[in-house]
Amino acid sequence: MNTPRIIVAMSGGVDSSVAAWRLNSQREAIAGLFMRNWTDDGNGQCHAEEDRRDAVAVCGILGIAFHFRDFSHEYWQEVFTHFLAEYANGRTPNPDVLCNREIKFKHFLETARELGADRIATGHYARIEHYRQRWHLLRGADRSKDQSYFLHQLGQEQLAATLFPIGDLEKQQLRQLAHQTGLPTHAKKDSTGICFIGERNFREFLKQYLPAQPGEIRDPQEQRIAEHPGVFYFTLGQRQGLNIGGVRNRPPSPWYVIGKDLATNVLYVDQHRDSPFLQSRWLRSEPAHWVSGSPPAPTFTCTAQTRYRQADEPCKVTVRNDGSLDVDFTRTQWAVTPGQSLVLYDGNECLGGAVIATTDAPLERKRARNLSKTENVLQ
C-alpha cells in the first residue's frame, strides 16, 4: 500500500465524508483517521462508536485505509481539565477552540506525520490561501456554517500543513454531493454541542466534577430573589434553569443572569434582556494569538466576534505590552462573557484572537474589585 500524503480527520459525519471524497476524486494519496477524544462514561450520550462505524464505512466506499487513534488521555489533560478550571473560576470556556489547537492541529497532525503524511485535512467550514508570502485563514463560503471562529488559534505551521476541502461549499451543496455520490452519511444529522455532554443536562453533568455550592440570587439592588446551586453553573445572559418562581411585587417576566461574584457566591439577575448590566463597550483580553505571528499594528481597527455566529462588530484594538488587548467597540455589546473567545477579522480574513478577561459591564467591574480584594487577603 502506498504511503498516504494526506490524512483526513474522519468524524463519521457528512462534512468529513465529503472532504475525503473530494480529495480522493482528485487522486490524492489519502487515508482516513478517526479520533476518540472522550472515553464513554456509561451514559450513552457520546456517539463515538456509531461515528467510528460510519467513518469505517465511508473509508471502505472510497477504498482508502482507515486508522484509529485514542486521544482521550490528551483531551482530558489538555482540554477538559482547563474546561473545569475555567468554570470553577466563574468563567465560561470554549472547549472547541482548545480542542482544535491541542488535539486536531497538534496531536492529530503529529500522528499524520508519523504515518508518513505531510498534510492533514478536516471537514471544517473555513478556507486557507497563500499570498503575500504567508498563509491566511479565511471564513468558509457558507457564512452560516463558518468555523474560522474556532480555528483562530492556528498559526503558520498548522495552516501550511492543512487542507479544508469543503470550505468553498454551502451546506446544501455538500449534502447534495454526499447523496449523489452514495456516501452513507449524506442524511446524518449535524452534531451539536459538546460530545462529552451530549444530550444530558449541562448542570447535572458539571455537578459530577464541580459539587454544588448554594448561594443567594440577588437583583441589582442587592435584594434577595431566590437561591442558586452554584454560580459556576450559569453564564451571562442565561435565561433558562434559574428556577425563580413568582417574586412578590415583581412582574411575571423572565429573569436573566447579569453577573456572578465568586468572592461572595452571589448570582445576580435582572428582568430585562436589555438590562444595562449586560451592556459593555470595552473589554480586555488575555495575551492574543495572531495567525500571521504578529499583530497588524500596535493600534488598529477591525471587526470582532465575542461569541460564535455573532454579527461582525466594528472595534478599535490596542495591543498592550504583555500582548493582551484593549478593545473599544463602536456599538454597545450584549453579554460579553469572560472565558469566551474574542476573534478578530479583516473582512473575511481571521486575524487571530484571545480569551476575554474582563469588561466594563457594571457587575463585572465589581467582581474584579472583589476578586482583587480576595487575592490581597490570601497574599
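The backbone N, Cα and C atoms fix where each Cβ goes, glycine too.
Among the features that Swiss-Prot reports, active site, nucleophile is placed at CYS99. Non-local neighbourhood of CYS99 (active site, nucleophile): ASN37, TYR75, VAL79, each in the same chain, at least six residues away, with C-beta under 8 Å from its C-beta. In the three-state DSSP classification, CYS99 (active site, nucleophile) falls within a helix.
Positions annotated as active site, cysteine persulfide intermediate by Swiss-Prot, on the basis of sequence analysis: CYS195.
Here the Cβ of ASP15 (ATP binding site) has 25 other Cβ atoms within 10 Å, regardless of which shown protein chain they belong to. The ATP binding site annotation in Swiss-Prot covers ALA9, MET10, SER11, GLY12, GLY13, VAL14, ASP15, SER16, MET35, GLY123, and the record cites sequence analysis as its basis.
Feature annotation from Swiss-Prot assigns disulfide bond to CYS99-CYS195.
The site 'Interaction with tRNA' annotation in Swiss-Prot covers HIS124 (among others). Summarising the environment of HIS124 (site 'Interaction with tRNA'), the number of other Cβ atoms within 10 Å of its Cβ, over all protein chains shown, is 26. In three-state terms derived from DSSP, HIS124 (site 'Interaction with tRNA') belongs to neither a helical nor a strand segment and is classed as coil.
A coil conformation is recorded for GLN340 (site 'Interaction with tRNA') in the three-state DSSP classification, outside any helix or strand. Per Swiss-Prot, the feature site 'Interaction with tRNA' maps to GLN340 (among others).
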Neighbours of HIS124 (site 'Interaction with tRNA') among the recorded positions SER11, GLY13, ASP15, MET35, GLN340 (Cα to Cα, within 10 Å):
ASP15
For GLY13 (ATP binding site), just count the other CB atoms lying within 10 A of its CB, please.
20
Greatest CA-CA distance (Å) over the residues ALA9, MET10, SER11, GLY12, GLY13, VAL14, ASP15, SER16, MET35, GLY123 that the record ties to ATP?
16
